[in-house]
Ligand SMILES: *Cc1c(COP(=O)(O)O)cnc(C)c1O
């Protein structure tokens, strides 16, 4: 999006504000479907948790996408956005049997990731089709915060437990219609992904009535210069070949499913903040913006680097800054970063703010969560209002503490 447009949005909707470009989301969606165009039935289920605004969900519906959900609330959001239950897969981790039964009641595809719940659910609802989440124990990437395929991960049913898994299915006579893996958000290497896929194919042969194989996600997008991006086109070519060969061997055309979040929305979003204070200390220059990790926690939580552009002074000379927030806690967005000279009042634009930014925002310091704007058909649409003081207090119950 043009800086001029973004400045206008910051002016009209005030800061801080998240802005999403619907065209970029569409482009990423097309890239993925094109890369797998030689698969007979491809199903993309957008991972709601990355960015769960209902207008964004509607946009995905218009693109032909389904949804991947991790809570009953996300399921309800999807239904409210107009998705039919069969377009939604529910892939929770560590939730109660009751919640899974609730989701099954709503008619969405259930995905179970532990043997205890599988046995209980299968005993009570042997006819409900269930997908199972396998942990192939593949460490994809080096960041243990987000790589979930390793041996001590809390996600999925270990491939070493397949014998027990098969016994439960035999005992309950339950119907397994899909198998799934999601090895984390840090897949750098297509070969690692293909390696994990082989484990999934081997596992699939144990089940006679599969309809789909879900390869999860973990596709990488560049955040900073020099970052690697998953080569979707290459993955598409290689996995398609392998998948089609597998279907032949299996004796049936299966659906190939993915559930990307970051790949589809990360680059489509920016976060606009205003510089409140430029503060010179003995060793650095701080630019303090009207936000903090209450609005964008990824740098503090994962050490993520979001590019920051001073869109108020794009032609200025570069200086080194530490960009920090205004909450009473260390909330560093960027350390010693080269940015065009900053003046108080400038608008700083954080890149890659589409995924896991707004959806992780909180009210810490009793601050309001920001507004969200969708840039669609060359127009800015408010898709979430900035919170107000009412939002801070409306669930609080003031009690009478009595008098002494
Ligand atoms: C979070 C999540 C995804 C999406 O991961 P990205 O890295 O954003 O693509 C997909 N599947 C499951 C089960 C998830 O929990």
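Numbering starts at 1 and runs along the chain as it is shown here.
Keep in mind that glycine also has a Cβ here, set from the backbone N, Cα and C atoms.
DSSP assigns residue 328 (active site, proton donor) to coil in the three-state reduction, outside any helix or strand. Within its own chain, residue 328 (active site, proton donor) has 365 as residues 6 or more apart in sequence whose C-beta sits under 8 angstroms from its own. Among the features that TrEMBL reports, active site, proton donor is placed at 328.
Feature annotation from TrEMBL assigns pyridoxal 5'-phosphate binding site to 218, 356. Residue 218 (pyridoxal 5'-phosphate binding site): 29 other CB atoms within 10 A of its CB, across all protein chains.
Packing around residue 302 (substrate binding site) is summarised by its Cβ count: 13 other Cβ atoms lie within 10 angstroms of its Cβ, all protein chains included. In the three-state DSSP scheme, residue 302 (substrate binding site) is classed as helix. Feature annotation from TrEMBL assigns substrate binding site to 298, 302, 329, 356.
Here TrEMBL flags 18-354 as domain 'Orn/DAP/Arg decarboxylase 2 C-terminal'.
Sequence annotations record features per position, and here TrEMBL assigns domain 'Orn/DAP/Arg decarboxylase 2 N-terminal' to 24-266.
The Cβ of residue 49 (N6-(pyridoxal phosphate)lysine) lies under 8 Å from the Cβ of 69, 70, 74, 261, 356, 359, each on the same chain and at least six residues away in sequence. Positions annotated as N6-(pyridoxal phosphate)lysine by TrEMBL: 49.
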Taking every pair from 298, 302, 329, 356, which the record gives as binding substrate, the longest CA to CA distance in angstrom is 21
Listed binding-site residues adjacent to ligand 1, that is, members of 218, 302, 356 whose C-beta is under 6 A away:
218
Separation of alpha carbons, residue 218 (pyridoxal 5'-phosphate binding site) and residue 329 (substrate binding site) (Å):
31
